[in-house]
Amino acid sequence: MMTTWRHLPRYLVTRRGASSSACAGAVNFVPTSRSIEPSDLERIQAFVSRARCLFVITGAGLSTESGIPDYRSEGVGLYARTDRRPMQHVEFLRSAKSRQRYWARNYMGWPQFSSHKPNSAHLALRDWEAQGKVHWLVTQNVDALHSKAGHQRLTELHGCTHRVVCLGCGVLTPREDLQRRFTEMNPGWAAEAGSVAPDGDVFLEDEQVLHFRVPSCQSCGGILKPEVTFFGDSVNRSTVQFVHERLDESDAVLVAGSSLQVYSAYRFLLAASEKLIPVAILNIGATRADHMAELRVSARCGEVLPAIQPC
Ligand SMILES: [Zn+2]
């Protein structure tokens with residue numbers, strides 16, 4: 001049985017002009033950016049200082065500095081580097097084969113993906129919360145890094161890969177438990193599956209996937225799915241309503257590390273704009289809501305957020 005994994009393009013490892021945040025020897029998933037201008041830092045500091053109830057929206061750009069690639073960044077995002085595309089909701093529901101392939105890869109990538117740690121941007125936002133600056137934080141990320149950092153006032157808009165939901169009875173279980181069940185049901189399988197790429201990606205031959213056994217819910221026998229909103233699915237209505245209420249209580253919006261291309265988060269910018277709540281955007285590259293922002297800063301979250309005094 002032959003197993004291969006996709007090698008990363010050489011330019012990614014030796015890419016010139018990469019941001020200085022890359023650790024030695026690590027693959028850099030942070031797009032190139034210049035250091036923040038002192039005048040921009042002053043302006044974003046003034047914006048945060050003015051806010052009494054800050055509403056924060058974060059996206060993949062916050063986690064690239066923890067070694068998790070995003071989808072869309074030029075040159076370094078998954079879309080640019082690989083032919084890998086996110087799982088579609090409908091495909092997961094209707095095809096046992098797709099679920100088998102998904103879980104086999106997920107099983108292989110999990111030890112690495114689950115070991116990522118919050119970076120200085122997550123920790124800064126956690127401190128802002130502790131000091132009463134952040135009223136609510138909404139993240140599009142499913143990597144649990146805000147909760148690992150200790151953030152409490154948090155909505156994970158697209159769910160979290162660290163939880164598994166049963167599509168039959170709705171019971172939630174920790175992803176770690178499922179990993180143990182995978183290992184028990186597939187003895188020796190992982191050893192044959194070979195290596196995992198630095199971003200947790202793993203390419204498996206069809207024949208190998210066929211031998212991977214996927215457990216079902218221990219309560220009802222239902223299909224297990226990560227508690228994550230796949231592409232093509234929509235965010236739970238009550239979650240959206242809850243977040244709108246937190247936004248209504250806020251007096252400023254800060255977007256950090258998101259291009260806001262996905263409507264599920266963009267809708268809160270539309271609402272903020274309608275209510276004339278001031279918006280600041282910190283992101284490398286253009287965003288869908290640039291025209292709504294009174295302040296727009298293109299720099300790394302890990303450089304800027306820890307440099308701001310919340311009070
Ligand atoms: Zn169940």
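Heads up, the Cβ atoms here are built off N, Cα and C, so glycines get one too.
Heads up, TrEMBL stuff is auto-annotated, nobody curated it.
Worth saying up front: this structure is predicted, and the values here are computed from it rather than measured.
What TrEMBL records for this protein:
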DOMAIN    34-311  domain 'Deacetylase sirtuin-type'
BINDING   59-79, 140-143, 257-259, 283-285, Cys301  NAD(+) binding site
ACT_SITE  His158  active site, proton acceptor
BINDING   Cys166, Cys169, Cys217, Cys220  Zn(2+) binding site
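Checking the recorded positions Gly67, Asp143, His158, Cys169, Asn283 against ligand 1, the ones whose Cβ sits under 6 Å from it are Cys169. The Cβ of Cys217 (Zn(2+) binding site) lies under 8 Å from the Cβ of Cys166, Gly168, Cys169, Val171, Ile223, Leu224, each on the same chain and at least six residues away in sequence. Separation of the C-alpha atoms of Asn283 (NAD(+) binding site) and His158 (active site, proton acceptor): 20 Å, rounded to the nearest whole number. Counting other CB atoms no more than 10 Å from each candidate's CB, the binding-site residues Gly59, Gly67 peak at Gly59. Counting every protein chain shown, the number of other Cβ atoms lying within 10 Å of the Cβ of Cys169 (Zn(2+) binding site) is 11.
Same-chain residues with CB within 8 A of the center of the Cys166, Cys169, Cys217, Cys220 CB atoms, the Zn(2+) site residues themselves not counted, are Leu167, Gly168, Gly170, Val171, Ser216, Gln218, Ser219, Gly221, Gly222.
Cys217 (Zn(2+) binding site) carries neither a helix nor a strand DSSP state and counts as coil.
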